[in-house]
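Participant: Please see the structure below; I have some questions.
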Amino acid sequence: MPTAIRFSAAQQDVTCIGRGNRGFSFNTQDNLFQQLKAEVNCRGIRRIDEKVKWVEVEGSCLLVFSFLGRKFGKANTISDMSFFKGSPYRRHNNNNDAEAGGGSRGDEEDEESSSNPFDITSTKNASIARLRKWRQAALVLNASRRFRYTLDLKREEEKQQLLRKVRANVEAIRAANRFKAAGERTNGTVEAPPPPPSPSPSGGHFAIGQEQLAVMSRDHDVSALQQCGGVKGLSELLKTNLEKGIKGDDADLLKRKSAFGSNTYPKKKGRSFWMFLWDAWQDLTLIILIVAAVASLALGIKSEGIKEGWYDGGSIAFAVILVIVVTAISDYKQSLQFQSLNEEKRNIHLEVIRGGRRVEISIYDIVVGDVLPLNIGDQVPADGVLISGHSLAIDESSMTGESKIVHKDSKDPFLMSGCKVADGSGTMLVTSVGINTEWGMLMASISEDTGEETPLQVRLNGVATLIGMVGLTVAVCVLIVLLVRYFTGHTKDANGNVLFTAGKTKLSPAIDGAIKIVTVAVTIVVVAVPEGLPLAVTLTLAYSMRKMMADKALVRRLSACETMGSATTICSDKTGTLTLNQMTVVEAYVGGKKIDSPENKSELPSMLYSLLIEGIAQNTNGSVYGSEGGGDIELSGSPTEKAILNWGVKLGMNFEAIRSESSVIHVFPFNSDKKRGGVALQLEDSQIHIHWKGAAEIVLASCTQYIDAVGQLVAMDENKAMFFKKAIGDMASGSLRCVAFAYRLYEVEKVPSTEEQLAQWALPDDDLVLLAIVGIKDPCRPGVKDAVQLCQNAGIKVRMVTGDNIQTAKAIALECGILGSDDNVTEPTLIEGRVFRDLPELRREEIVDQISVMGRSSPNDKLLLVQALRKRGHVVAVTGDGTNDAPALHEADIGLAMGISGTEVAKESSDIVILDDNFATVVKVVRWGRSVYANIQKFIQFQLTVNVAALIINVVAAVSSGEVPLNAVQLLWVNLIMDTLGALALATEPPTDHLMDRPPVGRREPLITNIMWRNLLIQALYQVTVLLVLNFQGRSILKLEGAGIANANKVKNTLIFNAFVLCQIFNEFNARKPDEFNVFKGITKNYLFMGIVGVTVVLQVLIIEFLGKFASTVRLNWSQWLISVIIGIISWPLAVLGKLLPVPETPIGNHLTKFCRRVGHIFCCRGASQS
């Protein structure tokens, strides 16, 4: 229960009630009370009661005032703290995101001012208003299905409101706690902590219960923590060793989960198949068809009896139900794929200390009592209290909404789940997990909205809208023509009889005839409006994401898949991405000289050895664990830390013994801007040693002395400084990472005495004594040179951005193929981050295209590089692993975080997580990105061919003869082939090497290229010509004159329908390779494509031969089947001949735009001359 404030107007005092109704009082007239009142009022008054004045902040009652007059007695009201929904992933355009950085708005501003609502090149930072605009402009038949995988704008707005409420609740508790603390200071009394709590029955095996822990954590109740004996007392109640953690065996974990719960929360069930079935029913045209089918069924049974009269209406209803079921099955399978990928995204792995060792576990396996190490960039995985920390700063913006960084110490030790470590390091004791944390309650109350539109999806909605408008116009024209012909007596049946005669035809047959006409027109709309076109993007993305997981790439944002296909440059880290991240010390300069063997302890003087070992053991985030069986040791930490610790162990370092000989006073964590980290130690004799470790040339610049080979302190003269600089240069040229160790003595009197002063203490980094410089080898990854070459062939420039020495970066770049040779490798091709940073903005943009390698770069330099590249029109992909990389990852078009070495902050700011940290995986992502775009283009070509052919055939036939060769059921079957089965077959084509032989896809390039226009027009023209000839001359060509008019028409229409479907099946092969002659290449590996084609052929045979009553077809003989197959198979050689025709490089759309402008200009000129 949170702290409440009680005001008594009669006594003019205020009482702050805590747990157990303990409180204090002070007068309402003093300044403290007035300040509190002002603070509360400034948070926004929502409602004022005439009797009791109270302030409601975002729906949460913060404080209760009853000081409006003497008539009021005591008011005793507790704040009602409700828990609201929240999302574990903040959108990238969240203004409160401290990690997000400023970001450039060039593209977004262009898009906001664009008149075309579908012209969105990037949805990464698109505003809600911009996203709503294209939805409103789209022609949609089934909104629930069309927009299922887009961002739910209403839910997104509700989510932001709920998060604001949560943050207000957190601030309410803080205000009450500040009020209470201020009152205690005013009274000059602090309550003595009561004895520790007695064993709680709810705790079971433990002396404290879950409710007590949850309240303490939620209220940040320091007094409750003191009641338990502080952190140490609390750990004893939880049976935890603060240094070694819990035992961690199965029995111990089971007891803790039983007593305190697990670190999971009840998830809302995913959408069932029946919900997808219901969504598929929402299509307006299908609803009209069902109504028409029911009416036709009723009229047919009435006029012809149930035995024969149900076929027309029943067949339409069956076809509609088939379309709905197949659509629902396809959508349901997609949703299952997204669910499994989302589970993978949430499953964070982290380190805990159990049994004295650091072990990696899933976030779901954390239990109360666990001891967790926290480092910069980590996510706080559960509620807890700080055990110890060094400059630990927490970003609580996910809970409070404020980007202010909160420093944690013994006075404010509480850590909230879901927050991020912004700086420093520390260890925490877990006190609440899962549903018992505020974050867990937020998560349990919402099912995360994973919807997100992609630029391609938005553009395809524009294409679908344009095609739909044309199709709708055609359908209306067909409807008008057929109705006019029907009611004017120009429509005849198969035997030549007029179907409607005014004044003679009965009402029932007349309505039935009109319904059939409406049904055909509506079915034309179903075929013409390509509802499946935008959804094909989701289908291919779902397929690609699943396959990319197998290729060690986890997609966090759908749009990144396709955007990667447009990437023109990749800014890659060196360590772990281009290299193996398997580091070893191979060279060492100690005692003023290079030692023959880096592991030879005998060459080191004793004083130098002890200082060096002390610095290695204490100035580290890693650990050394001895094997229980006395075998190999275990190392933890970053690869660099592990390499240095391993070197120390080989020198004879006893890690635990060295660390026990001194105590850490203060830590300056390694900083990627300063490129070094330090630690202040107090030895047993009270001496103060300050150790530094970092980039060799930077640490060397702060050294004024060194220890020579005999252990004497020697001044660092110019010659010796040059000797060390040359040593660093030589090692860097050999692609070694150079790290220097230095220390200095410090006067104990100057060390800050209080915790607050220590937190602000800047460790002295001048007058250092150089101890050693080591060269660490990190070999290039096998195959990375081929991967870089592949990118260069594909028109993608690879740039290395590293914090390492510029010479080390150059050597690795040459080894990887980023630099061709060291001839003429000068600035700006090879540039230091400092130099680039100091250039004017315009100059940076001028030279940015020439940069291949940036060494000694800071995260801000990487951000400046990304911004300059984007301003030059590049589509930029950036890799990053550190917390400070978050702004660059966010700013880039595609942020690629490292899965092994990357921090949680970096991963949350990224679009794709490279699970194996391998550059070759980045290249695979590029291939998949291009594959997404290529597959969608294949599907567009296939679908537009069907659309154009079906529309022209039906329109021409309707206008000329008053009947259509393709009826409603047949068109619905064609629609099923085209929309669902066609998308499954073509949108799931795997990537090929051919994709990497072409330049990147421009984000504003037309979706329908000139090659596609050529292919689809040739195929559509062929199909329309052949089928219209059959429609008008089919009886004579097929020699059906003697079979009777009715039967001949049925055979002719069946053959047209059969040939049309077979044309689409054969053309599906052509669509696989729009610009290649061999359309069968790799077909045997695509089992899904072959399966869908096979199923389609089998179903077509069944429809023709056995379902004639439903589809209004008759059986065909073998010669008619052969004719149908020949008509279809001709599309293959026709496609080959078509590909010999050259196409202009300028898109047809540009020519049409120029033509329209010219025509408009002519009309304007004429209008002006006439006036």
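Using the three backbone atoms N, Cα and C, a Cβ is placed for every residue, glycine included.
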Participant: Which one of these stretches, 966-987, 1010-1031, 1120-1141, shows up in TrEMBL as transmembrane segment?
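Facilitator: The listed stretch tagged transmembrane segment in TrEMBL is 1120-1141.
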Participant: Six or more residues beyond either end and a Cβ under 8 Å away: which residues meet both conditions relative to the transmembrane segment (517-543)?
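Facilitator: Hits for the transmembrane segment (517-543): 139-142, 145-146, 149, 283, 285-286, 288-289, 292-293, 296, 316, 330-331, 334, 337-338, 454, 456-457, 460-461, 463-464, 467-468, 470-472, 474-476, 478-479, 482-483, 486, 558, 561-562, 931-932, 935-936, 939-940, 943, 946-947, 950-951, 954, 964, 967-968, 971-972, 974-975, 978-980, 982-984, 986-988.
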Participant: Treating G and I as helix alongside H, and B as strand alongside E, what does DSSP give for the domain 'Cation-transporting P-type ATPase N-terminal' (230-301) in helix, strand and coil?
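Facilitator: Helix/strand/coil tally for the domain 'Cation-transporting P-type ATPase N-terminal' (230-301): 46 helix, 3 strand, 23 coil.
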Participant: Over the domain 'Cation-transporting P-type ATPase N-terminal' (230-301), what does the predicted model average in pLDDT?
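Facilitator: Here the mean pLDDT over the domain 'Cation-transporting P-type ATPase N-terminal' (230-301) amounts to 83.
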